[in-house]
Amino acid sequence: MLLRASKSSWHIYGQHVRRNFFQLGNRDKGKWDMITTAGRVSNERSVPKHIQKPPYYYTPQPPGNTIGSPEIKNDEQINHMRASGKLAAQILQECGKMAKVGVTTDEIDSYAHERILSLNAYPSPLRYAGFPKSLCTSVNNVACHGIPDDRPLLDGDIINIDVTVYKNGYHGDCSETFLIGDVDERGRFLVNCTRECLNKCIELCGPGVPFKEIGKYIQRYCEEHQLESVSAFIGHGIGSYFHGPPEIYHYDNDVPGKMQAGMTFTIEPILSLGGGEIGILEDGWTAITLDNSRSAQFEHTILITDMGAEILTKKES
């Protein structure tokens with residue numbers, strides 16, 4: 001997921017801000033534990049020499065360029081994308097089963113790191129643009145890009161776990177928001193709506209469909225359900241690169257371009273019970289809602305086919 005200026009966040013997203021300044025009017029009236037401080041982040045975990053690594057492991061690089069013409073993948077590339085997507089979905093579901101009261105997000109990260117390596121793949125977030133961990137864990141009012149730390153999950157939390165793996169030279173990217181213990185009604189409503197919104201977006205996709213139809217649908221959905229899209233973050237093309245064209249905006253837009261068979265990209269809406277504006281913490285990564293409201297996110301990597309769209313990160317039933 002990349003950060004992009006949007007109509008609701010361009011004046012805020014680049015700031016490094018102190019968490020306790022955000023005491024604005026909160027529309028999220030449910031029962032939950034607000035994240036007020038960052039926890040302790042453990043040291044970087046090692047990667048064995050035999051694991052194939054992306055170029056940014058060896059040389060620090062900025063996030064990938066998402067401007068330009070989307071890649072049309074051939075059959076061999078698509079098969080590699082299917083394999084990495086399937087593995088990412090598997091790891092995500094295993095991490096979701098770990099997400100219980102008392103477990104720390106660092107413990108989930110440790111499990112994911114070792115499990116991905118055991119399957120001869122690389123955890124894509126590690127060292128990407130300097131990110132220090134192997135997955136993202138975003139709890140309650142953290143919108144995305146939360147860094148795993150020593151905070152134990154609490155009864156009533158919601159947590160987004162974002163998994164990307166790099167296998168045979170290709171990335172697969174997916175995320176899901178999980179319920180921890182007894183989540184209140186508003187929290188369950190948010191998570192269920194965000195899941196449904198993503199599924200409806202995927203149903204829209206197929207050859208010849210304008211990319212902007214995704215954002216238009218998300219905005220209509222939010223208006224109908226009294227939610228807000230955290231529109232500073234976008235979906236993206238994916239392949240041998242973590243982020244590339246096309247850019248998938250999660251709000252009403254007029255960005256040109258149409259889907260073609262052979263394209264692979266992510267759709268990853270973040271919906272909020274309050275406002276859609278965000279700030280970035282001093283770690284340079286953790287994005288929080290300015291009004292402290294909870295948000296949820298779901299993400300899939302999809303392939304445009306001649307007949308519609310194939311979900312490459314769909315979990316096995």
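The backbone N, Cα and C atoms fix where each Cβ goes, and this holds for glycine too.
Record features (TrEMBL):
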- 80-306: domain 'Peptidase M24' (DOMAIN)
- H145, H243: substrate binding site (BINDING)
- D162, D173, E299: divalent metal cation 1 binding site (BINDING)
- D173, H236, E268, E299: divalent metal cation 2 binding site (BINDING)
Within the predicted model, mean pLDDT of the domain 'Peptidase M24' (80-306): 97
Cβ neighbour count (within 10 Å, all chains shown) around E268 (divalent metal cation 2 binding site): 25
C-beta crowding around E299 (divalent metal cation 1 binding site), within 10 angstroms: 25
Which binding-site residues sit within 10 Å of E299 (divalent metal cation 1 binding site) - Cα, from H145, H236, H243, E268: E268
Cα separation, H243 (substrate binding site) to D173 (divalent metal cation 1 binding site) (Å, whole number): 10
Neighbour count (Cβ, 10 Å) for H243 (substrate binding site): 23
Residue pair H243 (substrate binding site), E268 (divalent metal cation 2 binding site) - Cα distance, angstrom, rounded: 13
